[in-house]
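Step one of this worksheet: look at the structure below.
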Amino acid sequence: MKVLQSNIFSQIPRNQQYEELGAPIKKGDPVDDLSSPESIKSIERPPLRKVDQYIRAECPCLSKRATVAVLSCMGFIIMFGMRTSMGIVKLQFENKTKVWGQDTASAVESAIFWGYFITQIPGGLIAAAYPANKLFGFAIGTSSLLNFFIPFTYKYPPFIIALKILQGLVEGVTYPACHGIMRYWAPPLERSKLATLAFSGCYGGVMFAMLICGVLVDYLGPMSPFYFYSVMGILWYLAWIWLVFEKPSLHPCIDTKEMMYIENSLGKVSETYTPPTLQNTPWLTFFKSMPCYAIFVANFCRSWNFYLLVLNQPIYLSDTYHESIETNTILGALPHFLMTIIVPSGGILADRIRRNGILTTTQVRKLFNCGGFGMEATFFIVMAYCNDFALAITALSIGVAFSGFAISGFNVNHLDIAPRYASILMGMSNGIGTIAGCICPYVVNKILGEDHTIEKWREVFILSAFIHYAGVIFYAIFASGELQDWANPTVEEEKQWNQMAETGNIKSSFASRNNSMNYGSVDKQQPPRPPLPKQLTIQESSLDNSVSTIPQQIPQNIPPSQQQPVATNPFLGRITNPFRQEPVQPQAQDTYLYGTVEDRTY
């Protein structure tokens with residue numbers, strides 16, 4: 001028989017909808033209830049920790065989601081600063097001591113990438129199964145602690161290689177964990193802005209390392225950068241565990257309006273379906289999906305050029321133009337400074353274009369990614385044929401700056417095509433990108449040989465340019481910004497979760513106020529809701545959704561003694577009532593029965 005459904009739930013104001021879904025409501029804050037503007041309610045939050053009773057877990061002038069993005073950015077600054085400092089210390093220290101040979105230097109430089117590669121995919125699974133914020137903080141904090149021991153093993157290459165591998169193992173989970181964090185904290189229309197702000201720390205870390213490490217080495221000794229980043233990493237970790245939580249609903253100090261905005265825009269999918277595991281993840285589908293391949297290829301191409309500059313830029317400028325160390329580090333930081341600005345700016349621009357409907361998500365991703373890659377490759381070729389230091393730095397700066405727009409392309413694309421598996425896909429694509437970091441030092445040293453001439457460096461940068469051109473072509477053909485069919489939950493998953501015979505769509509269906517498109521939220525858009533009837537009170541509007549048809553004239557003036565707060569009755573809500581059954585026969589028309597059904601609360 002056809003199940004009859006009531007549309008009374010769609011007529012209840014949004015805050016009462018949260019009440020229907022089981023969110024505890026208490027007096028104290030305003031709600032979105034146009035029928036009773038004098039009513040004051042709020043969503044109950046977790047209890048304050050002891051530290052929150054003295055110092056609230058918040059940053060002045062920053063929203064909680066912006067705080068998450070800024071601290072993620074600072075974490076990446078520390079992580080990539082530790083990587084870049086190795087190249088600068090080697091440039092200033094190795095030229096005098098000659099502790100390492102050419103093969104040893106290549107092994108040390110690539111050691112961190114071997115460990116980094118191993119934990120990429122496991123990191124994606126762990127980030128999907130456990131709190132991603134704790135995983136991210138643990139990775140940066142542990143890597144900072146390991147960095148403290150590098151000066152003691154610098155003259156013993158096997159030990160320093162072991163330390164770098166351990167650093168790579170823990171750092172390998174950072175990118176997947178960051179996507180796992182943004183899954184809960186980044187609204188769809190702010191996805192590019194918040195994600196690119198976090199990832200801009202990768203390039204800001206290179207810039208700050210080039211500026212700071214040279215000064216530290218000159219004044220405090222060649223090993224001072226390792227101590228500096230270790231201390232900064234530990235301090236950052238303390239701030240991270242204080243200010244960042246897994247999701248908005250677990251933050252004890254978040255504003256109710258911000259929490260409702262984030263969760264309403266993202267939907268309740270993360271609470272509705274079980275997280276991806278090794279068994280239920282569609283691994284084979286990943287390798288059959290061309291949009292996934294587009295992200296993998298783009299990540300490899302970008303990683304090749306990025307790690308080429310991180311590991312070899314100071315040496316290239318020193319070998320080719322014989323500039324002083326101070327000039328090398330200061331001007332060498334300029335390209336990465338521009339990219340640090342361009343990456344979050346490109347994210348804001350990408351979101352604005354999508355929000356205004358100028359281009360679709362797919363068109364935005366392709367435009368930003370291919371444009372950034374293509375311009376960087378072109379200016380790499382220009383730089384390769386420059387014979388003047390100023391022109392070479394200018395070409396390098398412009399090319400690297402343009403590549404910052406590509407981060408709003410492939411690096412956010414995981415959340416577009418498969419938000420459920422974003423952390424796993426990020427782990428896979430970043431693992432493929434890490435392969436570039438593993439083989440790049442060997443290829444560069446093979447091309448350069450013992451004589452680092454300008455002609456040999458020209459071959460290195462021309463090769464990098466053509467790798468980028470290949471990435472442009474592949475991404476332009478196969479990339480997509482649309483949610484893929486295989487990323488939706490299966491029928492079996494829906495049945496497995498829907499244990500209490502709940503009818504209708506088990507997903508949250510909160511639409512935006514203007515009923516506009518949700519831009520990436522996997523919840524289906526619902527039709528506009530009719531206005532709330534004037535005679536519908538809060539108590540009457542919370543009738544169980546199992547009542548199939550409700551007469552137009554709802555009884556009014558219910559005595560206060562018969563009214564119950566909705567939040568205190570677990571059998572009243574649409575989802576919280578475990579014994580609810582849908583009617584399977586027409587509603588009785590008997591006057592006495594009608595009165596008993598409509599006049600009492602469940």
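Here the Cβ of each residue, glycine as well, is placed from N, Cα and C on the backbone.
Long-range Cβ contacts of the transmembrane segment (66-91) within its own chain (Cβ-Cβ under 8 Å, at least 6 residues beyond either end) map to 58-59, 100, 105, 108-109, 112, 133, 136-137, 140, 143-144, 147, 167, 171, 174, 178, 181, 185-186, 194-195, 197-206, 208-210, 212-214, 217, 222-223, 225-226, 229, 232-233, 236, 239-240, 243-244, 310-315, 318, 325, 328-329. Marked as transmembrane segment by TrEMBL: 66-91 (among others).
Feature annotation from TrEMBL assigns domain 'Major facilitator superfamily (MFS) profile' to 67-483. When pLDDT is averaged over the domain 'Major facilitator superfamily (MFS) profile' (67-483), the result is 86.
Summarising the annotation, TrEMBL assigns transmembrane segment to 111-130 (among others).
Residues or ranges marked as transmembrane segment by TrEMBL: 135-154 (among others). With a threshold of 8 Å between CB atoms, the same-chain residues lying at least 6 positions outside the transmembrane segment (135-154) that come near it are 72, 75, 78-79, 82, 99, 123, 126-127, 160, 163, 166-167, 170-174, 177-178, 180-181, 223, 226-227, 229-230, 232-234, 236-237, 240-241, 244.
Taken from TrEMBL, the feature transmembrane segment covers 160-182 (among others).
Per TrEMBL, transmembrane segment is recorded for 194-220 (among others).
According to TrEMBL, the feature transmembrane segment maps to 226-245 (among others).
The transmembrane segment annotation in TrEMBL covers 292-310 (among others). Long-range contacts of the transmembrane segment (292-310) within the same chain: residues 80, 83-84, 87, 113, 202, 206, 286, 335-336, 369, 373, 376, 380, 400, 403, 406, 409-411, 413-414, 417, 425, 428-430, 432-437, 440, 444, 460, 464, 467-468, 470-471, 474-475, 477-480, each at least 6 residues beyond the stretch ends and with a Cβ under 8 Å from a Cβ of the stretch.
According to TrEMBL, the transmembrane segment annotation covers 330-350 (among others).
Taken from TrEMBL, the feature transmembrane segment applies to 391-412 (among others).
According to TrEMBL, the transmembrane segment annotation covers 424-444 (among others).
According to TrEMBL, the transmembrane segment annotation covers 460-478 (among others). Sequence-remote contacts of a segment are chain residues at least 6 beyond its ends whose Cβ falls under 8 Å from one of its Cβ atoms, and for the transmembrane segment (460-478) they are 290-291, 293-294, 297-298, 300-302, 304-305, 308, 312, 316, 366, 369-370, 373-374, 376-378, 380-381, 383-384, 409-410, 443-444, 447-448.
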Check your understanding: Are the transmembrane segment (111-130) and the transmembrane segment (330-350) near each other by the rule of at least 3 C-beta pairs under 8 angstroms (pairs 6 or more apart)?
Key -> no
**Study point:** the transmembrane segment (424-444) versus listed stretches 111-130, 160-182, 194-220, 226-245: most Cβ pairs under 8 Å
**Key:** 111-130
Point to revise | Recorded stretch, among 111-130, 194-220, 391-412, maximising Cβ pairs under 8 Å relative to the transmembrane segment (160-182) | key: 111-130
Exercise for review: Residue list, the transmembrane segment (391-412) vs rest of chain: Cβ under 8 Å, 6 or more residues beyond ends.
Suggested key: 191-192, 195-196, 199-200, 203, 294-295, 298-299, 302, 305, 309, 313, 317, 320-321, 331-332, 334-336, 338-343, 345-347, 349-350, 364-373, 375-380, 382-383, 429, 475, 479
